[in-house]
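A.B. asks: Below you will find the structure I want to go over with you.
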């Protein structure tokens, strides 16, 4: 009975969390366990998946942005800023993936805290990743400022400058915090030290960045929402580009804020790096959708933009409709052309076609009578 009692009193051995000894270069022994190694393995896999998805999403949307943007719009400031954000975000995510193959992520270095084997290439990769992150946020704030300026262009001059002053001040504060984090992080990396003593600064940077995104998008969506209410009062209820940008603006405001808040959830802190990627994706996505809806070029003809016309035909959302009919009978020829108004389009082109056949007088209808031989055939 005593042997059984002693066996029951012994702790159960778990081979998956067993301890082992790690020796430092000077011979000092450090006790580690396999649980730490397993945690590092899972952490590396999660980081690789996180950054890999950002690379794929950025490249895919960049290709979509280039294909679906009309040639004359590719020189606009908004297109250039959105494309720059996607390109920088792709390079940033790729550089951050290199962290997993550097000496920073060596199991011995992480378990012992000895980073003597971190070479100049590893340091350059870290500094480049931090700097690209700062440049990306600057481009994001510039793109948001540009779009808010375009949305508020019809407001009074005083209100417009007041809104731009407020949003720009918030953006500059966020960029200032991000700049401080970048400088300190690069300095700590050169010293081969971590950022654990600057947790409060990192937390404040996350909060200020989230507040800046919310401020921009609140102004953005409020202005568009007010414009939609005015359009509804005027009877302009058809779904169009303004509704699209309003919807995408709400998404740009809410979804990145959710991912920013996830940084404070200890189980999935890596999702916080998705915030700039989601903003980079949603900003051009709203412009693409609105541009496809608002375009009124022809469909089914050849040319440099034939692929865009094909996509518009598939979705069936062209605001401008060009309907041409030509009726010839005996000695009378009628050539009728109806162009719908982009401010208030009919619900369906069929309604416009039926109105042409009711015998009434219509604008842009041209009648002509030509000479012809008399015919006694009835």
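Even glycines carry a Cβ here, placed using N, Cα and C.
Unlike curated entries, TrEMBL annotations are predicted automatically.
Because the structure is a prediction, the values reported are computed rather than measured.
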A.B. asks: Per TrEMBL, which of 8-28, 113-133, 134-154 is transmembrane segment?
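C.D. replies: The listed stretch tagged transmembrane segment in TrEMBL is 134-154.
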A.B. asks: Sequence gap of 6 or more, Cβ distance under 8 Å, 3 or more pairs: do the transmembrane segment (134-154) and the transmembrane segment (201-222) meet that?
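C.D. replies: In contact, yes.
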A.B. asks: In the same chain, which residue numbers or ranges, 6 or more beyond the ends of the transmembrane segment (161-181), come under 8 angstroms Cβ to Cβ?
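C.D. replies: Hits for the transmembrane segment (161-181): 130, 133-134, 137-138, 141, 144-145, 148-149, 152, 155, 198, 201-202, 204-205, 208-209, 211-212, 215-216, 219.
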